[in-house]
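Per TrEMBL, region 'Disordered' is recorded for 1-25. Annotation source TrEMBL lists compositional bias 'Pro residues' at 11-21. The transmembrane segment annotation in TrEMBL covers 63-86, 106-124, 145-167, 173-193, 214-232, 238-256, 263-282, 294-314. The domain 'CAAX prenyl protease 2/Lysostaphin resistance protein A-like' feature in TrEMBL is assigned to 187-274.
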Amino acid sequence: MHPSLDESPVPTAPVPGPPLFGPVSQPTLDSTTATTFPYHRAAHVDLRPARWWTPLTTFGATALLYLAFLAPVAVVAVAYAVLVPYRPGLPTPSDDFSDPLNPLDWAIGLGLIALLLPAVVLGVRWGGRRRGTIHSVTGRFRWGLVGSAVPLVVPLYGVVTVGGFLLRPPSDLATPAATPALLLSLGCVLILGPLQCAAEEYAFRGLPQQMLGTWLRSPVWGIVLPVPFFVVGHGYDGVGQIGIAAFALCTGFLVWKTGGLELAVLVHVANNLFLFLLAPFSASSMEQGAIEPLVLLVDLALLGSATAVLTVWFSRREGLRILEPCCGRVPSRG
């Protein structure tokens, strides 16, 4: 039943939210009276209190699951390799898996990394952690947050990436023929590309932050220490690796700031997807090696802009200061 006009409350001035800049008191979980927790300390709000060995069991479960997922892939690969000499018409991957017009290269390169995604999600759960805490402090993947942030990130990466490609086209630029191989390659990119990006964020940002956050209160360790492991997985020169390290630091910060992996995954997908979709126009586009300093500067400017825009937007959206993380509520143990 709606109240009458006479019964309506007297309107009051809106209460201003907290300023974007200012001192922030970091939440702690040392007291049983704590009501909130940041993303990297999620292990301390599990139904079973975290022990010193909890991160080790989580990592072990994740590693074993990944090996288990790789096993059937290896069996199929061996069987296929045995069959190829007897069926000359069968497609085969390139020697270095870097042909952008070979769908097998895409399927293998992206698919093997994508298997990390279920391995991490299940490994965290089977390692003794609460369901869903690897996604975010809410215990779930916040699709609504991703949808709201897409207009802020995707057009930015699209304009810069495509614009740079057109302004400074590669020396081997060529229009690919519309063949079944091209269509299959694009299909692999659109399906496996986002999964590969998400898998790397879960494995190199989410998992390390929560593992190290079990032992260490500061989020800095979980953001910085995994960076070298992410860098060595790429084959660029020193200039290119600076960009990879900066990418890892920025996405790691976004994970801590937003209390989840969603925006880091979005930035990763926006960064990779346009590069992957343009790859068929340049045969050498997937080769990792020397990077020009100018390309690095553009990448750093793009990455910094995306990180800053998302940080300010999310802070205003959630009523947080710039360096204040989004926290989850400690569930009742009663």
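Keep in mind that glycine also has a Cβ here, set from the backbone N, Cα and C atoms.
The transmembrane segment (106-124) and the transmembrane segment (63-86) are in contact, since at least 3 Cβ pairs between them lie under 8 Å (pairs 6 or more apart in sequence). If you look at the transmembrane segment (238-256), the same-chain residues 6 or more away from its ends with a CB under 8 A from one of its CBs are 38-40, 201, 204-206, 209, 219, 222-224, 226-227, 230-231, 263-264, 267-268, 271, 288-293, 296, 299-300, 303-304, 306-307, 310-311, 325.
If you look at the transmembrane segment (263-282) against the transmembrane segment (63-86), you find fewer than three C-beta pairs under 8 angstroms, all six or more positions apart, and that falls short of contact. Listed as Cβ neighbours of the transmembrane segment (294-314) (distance under 8 Å, sequence separation of 6 or more from its ends, same chain) are residues 20, 149, 152-153, 156-157, 160, 164, 239-240, 242-243, 246-247, 250, 253-254, 257-258, 263, 267, 270-271, 320, 322, 326. Here the transmembrane segment (173-193) has Cβ contacts under 8 Å with residues 91, 100-103, 106-107, 110-111, 114, 269, 272-273, 276-277, 279-283 of the same chain, all six or more residues outside its ends.
Model confidence over the domain 'CAAX prenyl protease 2/Lysostaphin resistance protein A-like' (187-274) stands at 96, taken as the mean pLDDT rounded to a whole number. In the domain 'CAAX prenyl protease 2/Lysostaphin resistance protein A-like' (187-274), the DSSP tally of helix, strand and coil residues is 74 helix, 1 strand, 13 coil.
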